[in-house]
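Per TrEMBL, the features are:
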type     : residues : note
DOMAIN   : 4-382    : domain 'Major facilitator superfamily (MFS) profile'
TRANSMEM : 35-58    : transmembrane segment
TRANSMEM : 70-89    : transmembrane segment
TRANSMEM : 95-116   : transmembrane segment
TRANSMEM : 128-150  : transmembrane segment
TRANSMEM : 156-175  : transmembrane segment
TRANSMEM : 205-226  : transmembrane segment
TRANSMEM : 241-259  : transmembrane segment
TRANSMEM : 271-288  : transmembrane segment
TRANSMEM : 332-354  : transmembrane segment
TRANSMEM : 360-378  : transmembrane segment
Amino acid sequence: MKRIIALLALLSAFPPLSTDMYLPAIPMLVETWGTSLATVNLTLVCFFATYCGFLLIYGPLSDRYGRRPPLLAGIGLFVVASLLCAMAGGVKTMIVARIVQGAGAASASAIALAISKDMFTGQVRQRIFIQLGIITAAAPMLAPMIGGWVMSMTSWRFIFVIQALLGMVAFFGVLRVKETLQVAAAEPLSRVAYNYARLFRNRRYILLALTFAVMGMPFFAFIAAAPDIYITRLGYSEQQFGSFFALNSAAFMVAPMAFSRAVKRVSLMRLLPFGFVGMVCSALVMAIPLLPGVWRIALPMWFFTFSFSFTRPPGNNLILEQVETDVGTASAFMVFIFFITGAASMWAISLHWADKITTLGWLGVGASVFTLCAWFLLTRLVTLRQP
C-alpha cells in the first residue's frame, strides 16, 4: 500500500516538478537569452497548454487499453523531453522541448487519479486522496529550493537532468505495478467524442469541475508571477526565492492534514465553504495593500494556498464521485479544465502590469467569490453524490 501511494504521489507531482523546480532560472534566462519575461514564460504557458490537450487523449486510451501502456509511453516521452530541455540553446528550442515534456507529463496526472479510483472506494479513497495531497505537497515545497540550490552549484541545465531521473524512477515503478483496470471499455476509440459528450451531459460532474477549476486560477497566476515579483522586483536571490516559495508551498502539506482532522467531526459539504471564504479574505489582503514589503504577498498568499489546498483534494474526490463509467476520461477532463484555466491565468499575469501583486490579489478575489457563489447555487439546485 505504501509503495502504491508513493508512486501515485510521484505521478501526481509531475506538474509541480516540471514547473516549480525551473522557476528560479526564469529571470536569469530572460537576461541570458536577451528576451522578454513574457516570451520566457511561454515555456510555462505552452507546457500547460500541451499538457491539457494530451490529458484528453490519455484518459480514453487508459479506459480502452488499460492504465499501464499509455502511462509508460507518456513517462518515457517526459524523460526524453526533459533531456532535450537540458540541451536547449535558446528560448525557441526550450519552448518546443517544453511542449513535448507537457505531452508526456499529462499521462501521469490523468492516469494517476484513475488508478486511485480503480483501487480504492468511498471513504478509503477520500483518505487516500488526502494522503496524496499531503505527500504531493512536498513537490512544490522542495522543487524551487532544489532549483535554486542547483543554480548556485552548477548550471540550470541540471534542473532538467534531475527531472529526467525522477521520470525514470516513475517509469520503473509503474513497471512493477499490475494493471488496475478490471474491465476495459468495449467501445472503440472512434467514440471518444461521444464519451466526452456523454460526460458533458452529467451536470453534477461538469459544474463541479468548472467551479473548482476557476478556484485554481489565482494560484497558477502566482506561479508565473512569483519569479518576477520576488527576484526582479523585490531583489531577492534565487535561493531566497526558493525559500519563500517553499514557505508558501508548505501550506499544501498543512491544509490536507487539517481537513483530514476536521472532516471527522464536520461533513465534507459543510467544510468546503470555509476554504472558499478563506481564499476571498486572503486575496482581499493582497489586493488592498495592508502589509509592508515582501509580506504583502508572502503572508496572504500563504493563507490563500492553505485555503485552496484545504478544498482541492476532497474536491477532486467529490467530482469523480459523480461518475460511474469512463473514469479515466472523467479524470482526464477534470485535470484538463483545471490546468487550461490555469494556463490562461499564467498568460494573463505575464502581460505588463504596473503592480502585479495588486493584479494577483484582485484575480484571487474574483475567482474566489465566483467559486463561493457557484458552490451555494450548485448545492441548492443539484443533488450531489457524496463519498
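Using N, Cα and C of the backbone, Cβ positions are placed for all residues, glycine too.
Highlighted: of the candidate stretches 95-116, 271-288, 360-378, 95-116 has the greatest count of Cβ pairs under 8 Å to the transmembrane segment (70-89). Through the fold, the transmembrane segment (332-354) approaches residues 15, 37-38, 41, 44-45, 48-49, 51-53, 55-60, 62, 109-110, 113-114, 196, 199, 209-210, 212-214, 216-221, 223-225, 316, 319-320, 360, 363 of its own chain, all at least 6 residues removed from its boundaries and within a Cβ separation under 8 Å. Summarised as a single figure, the pLDDT of the domain 'Major facilitator superfamily (MFS) profile' (4-382) averages 85.
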